[in-house]
Amino acid sequence: MKSYCLLLSITLSCCCSAEDLPDPPSIHLNSKYLPNQAEAILTAGTPFTLRCTGASSVHWSSSAFCLLYHGRLVDPIDVQRADPRHTGTYCCGYTNQSLEHLSTWIHLYVKDPADPSTVFVTPRNSPRVKEGQDFLYRCLLTDPSVTNLTFQPEDNIQGSGQHLPVGMNVTVDPQRGALIQDVQRSFSGQYVCSGWKDGRHFISRSFHLLVAPRLPPPSVAIHQNKAVRLEGEKFEVTCVSSSTTHLFNVTWTHLTKKNFDVAVTREYRNSHMYISSTLMIAAVSQEDRGTYTCAAASEDGVTTATTHLIVLDSRFMTTYLKTWHANTKAKNKEISKEIDGNLTANSTSIDIEANRSSKLHMKMELIANVSTDGVHVNNISSSTTVEAYEGLDVILTFVTESYPPLSNQSWTKPTKVNNNNNVTMYQENYSINDTRSEASLLLRRVRQEDHGSYTFHFSNSFFSGSQNIDLRIYRSPSAIISVEKNTLTCSSSGYPVPTIAWYSCPGILKTCGNLTTTESSEADPTSEHDEENVRKLLNLPLSTGGDVTAECIASNQVGAFRKVFHLREHNSAFMSALIGAGSTAAILFLLLLVVFYKWRQKPKYEIRWKIIESTEGNHYTFVDPTLLPYNYKWEFPRDKLRLGAVLGSGAFGKVVEATAYGLGTDDVTRVAVKMLKPRALSEEREALMSELKILSHLGYHDNIVNLLGACTQGGPMLMITEYCSYGDLLNFLRARAQDFMASILSADEMEGDPFYKNMATLYGRLRSDSGISCCSDYQEMQPILGSAEKQQGVQMGGLSFGDLLSFSHQVAQGLDFLSTRNCIHRDVAARNVLLTDHRVAKICDFGLARDIQNDDSYIVQGNARLPVKWMAPESIFQCVYTVQSDVWSYGVLLWEIFSLGKSPYPNVAVDTHFYKMIKDGRHMTQPDFAPVEMYQLMTHCWSLEPTDRPTFKMICQLIDRLLQSNDDTNHQSYSNINETKKDDFKGGKSQRRGEEEEQRRQRGNLWIPLSVTNIYQLS
């Protein structure tokens, strides 16, 4: 009320030019004049009279609780006995509405010294406020001498120290009360107003603030966001709105139109009120086009939805062709012709440059643009040529904007293109949305037999036609030479059409290409060709004067093909044959010697995984894997498997990425396929079959690379396993070592810390100390991304301390599973752990696909190559392999993980000193990033006595507790790592380890002593 009167007074003061306006009313208290905005103090129990005089009739309004509900007050206000609840603002104004801005107000304080509880007067009811609104709690002060006014929780008065809720902004005014801005649900509670006078603390009666939750505004939806109509057609659109309250309405607006024909229906169901508002236009015109907005409004807010109306004066059709194919550059040749119905059809011939990148590029071209005002148009047709490389995907998409919308769309393909054996070689997709339609044809990994004419047919009630696409597949040339009398004919085929050149040179040579040759010009050569075949003739001389080599070279942008013809003199034929036979025999003999030598030098492959048949102490009897049964349910059709890029290769075999169609429940599955190289012997074939049998015997587990299928008949043996896109763990850690170290050091520490200055050196050491010889032809496992993933910008992310613990835990789970299946791995190392795209660690054995002959991780012992630095002492010195020896190797793998991919025993050669160090029980030092618990686990894994080593089940339980602790103390763990790095470089490693041990004891006893007898129950 006071604010309203103040606003009127300010308005009055600004209107100085209005000389004909009367003066504001004047107020008298007990016959004493009080100026505008004056304050007066009364004592409770005394009478008072307020009188207002002015140029015309006046009326009163007041914020006093005693007079608040009296309705319109009349002059004068006569009170026989003043009460503290008469405290408030009294405003007098003219009853004439044109003079409402002229008003006068005063504020009365009615204090009662005998009753301290009346220092504040408050409403009798607890307020209920809606969330998000401002709220004025009128705790009115009756004694202006009370100062230090505050608004606070009631519990704070009792000494609990409770403060206002977070985000509560309160302004206390002695004349108005406490204004709370933007009330939130967290503000609910008991509050009081308080103040101080002469050392005494006065508080108001407490009140309970109830905050009603803010209701969402009504929902609104228009299912048709765009509509197209011809002039004179009917248009209807329905807007559906719903809310939990009945108090909302729905309205339509348009930029130019004001009046609408609207039908409204209401329905209450499921505790919601639904309002459907349908806007109707009987015959649209150009004035009706534009955006129509449907607004649903309530006291909780306004929600809108729009639809756009397009008004056409004639029917139309516009068609585009989008082609997705390999990285190409199109060279367009436009051909235009007139067709009935004011149609211009454009066809484009596309020439593709020789770039075999698998990244897809899109090109869009206009095919047809037609309009008609009522005549049916037929024969909307044109032709387009698309060229593609064999083995790549091609996507043909026709995009049509038309009115009326298309009612029929279809593709016809060459008869030889079909989906055989339930393998989808092509896929059609159709969509129609309002006036826009799309028809796509996906051809997967096109082959030569896929070339030909592809036709798209379309129609609606006014337009019909077809678009033809001539698909050409690039093909490298082939050539043959035929002889007829004295004429050589070189016939070549390929696409693009090859270019043929004849060359001749004296003597019998393999090729004329390395000599100074000239194109034959004896007799004019003739040529003839069609789109894919070409012939060129060469006339031979009647007398050659010796042996002559004629060479035909056919080439196009895909490749070149050479064909040689030897013309011999008769007297030299026998000598040439004799020389040729002798040379061939000598070459064959040398080749046999080389092959025999290589065969003697080639290491015999042995599969690392072993299945235990029985045990007697430390003596294990292993199952011969060749005797394991093979279940032919694993067989998978070869024609449903498309091989891709090589993931890894070795001396005996390789692993390639592949796509399997119809494997399991998925239509398309990305897999890895292990296969033998062509020069592999029967021993390698038997080894791969043994590995297949072992995997099928083990069964499924999340943390091993699981078998998905196999092809053992009708061709080379293929073993199909899960695909792990991140490659092996070793390279994964090394690739992210620098980012991991940077993430655990703050920017300030990096500027002055000597560790940061040496990061590049350390990173270089991580990269160079790989254990792979520089002369090795072994291709390490690498992640390969498909084209779709590249387009989406797949980010493989960084590396965290939690990731290191997770990898350790998952590998332990996988090895625990192997131990329960009586399986010994014998080559546990980071290089034999793969990561999926979700960073799931899976144990594998590269086996045939790892070149151990050129891998420095494998050391020659006798006639075998062994991973000595990962092997347990009993395996090195006694050739004993047990589950406990896998535990030793797992400890070395942990060292690899927490050193971010360093090679174990860095800078230590495998010699007599190394073997003595192993026998003496000397361990590697704690890795840079390993907590105390993990290093203790490593040392327990390296116990000289195998039975003192922990079981994999115990290891899983320990790391599981560390993972849970890491979630709770993630920030603290990184702080410890930062301190660790500084201490290592500053010589304080022992002190740091003592501090970490103390922190470990404070966090709780996560470590359980693992030096207990390890007895695996093998059954």
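Glycine is no exception: its Cβ is also placed from the backbone N, Cα and C atoms.
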From the list Cys66, Cys91, Cys193, Swiss-Prot names as the disulphide partner of Cys139 the residue Cys193
Residues flagged as region 'Regulatory juxtamembrane domain' in Swiss-Prot, choosing from 73-105, 436-468, 601-633, 766-798: 601-633
Which residue does Swiss-Prot record as N-linked glycosylation site, given the choices Asn148, Asn978? Asn148
Consult Swiss-Prot and report which candidate among Cys505, Cys512, Cys552 shares a disulfide bond with Cys490. Cys552
May I ask you to indicate which of 270-292, 362-384, 500-522, 845-867 is given in Swiss-Prot as region 'Activation loop'? 845-867
Smallest Cα-Cα separation from Cys52 (disulfide bond) among the disulfide-bonded residues Cys139, Cys193, Cys294 is shown by Cys139
For the domain 'Ig-like C2-type 3' (224-312), the number of residues DSSP places in helix, strand and coil: 3 helix, 61 strand, 25 coil
Is the domain 'Ig-like C2-type 4' (383-474) in contact with the domain 'Ig-like C2-type 3' (224-312), using three or more Cβ pairs under 8 angstroms as the rule and ignoring pairs under 6 apart in sequence? yes
Three-state composition of the domain 'Ig-like C2-type 4' (383-474), taking helix and strand from DSSP: 6 helix, 56 strand, 30 coil
Fewest neighbouring Cβ atoms within 10 Å: which of the disulfide-bonded residues Cys52, Cys239, Cys490? Cys52
Cys139 (disulfide bond) to Cys552 (disulfide bond), Cα to Cα, whole Å, comes out at 107
CA pair Cys490 (disulfide bond) / Cys239 (disulfide bond), Å rounded to integer, equals 74
Have a look at the disulfide-bonded residues Cys193, Cys239, Cys294, Cys552 and say which one has the shortest Cα distance to Cys92 (disulfide bond). Cys193
Secondary structure at Cys92 (disulfide bond) (DSSP, helix/strand/coil)? strand
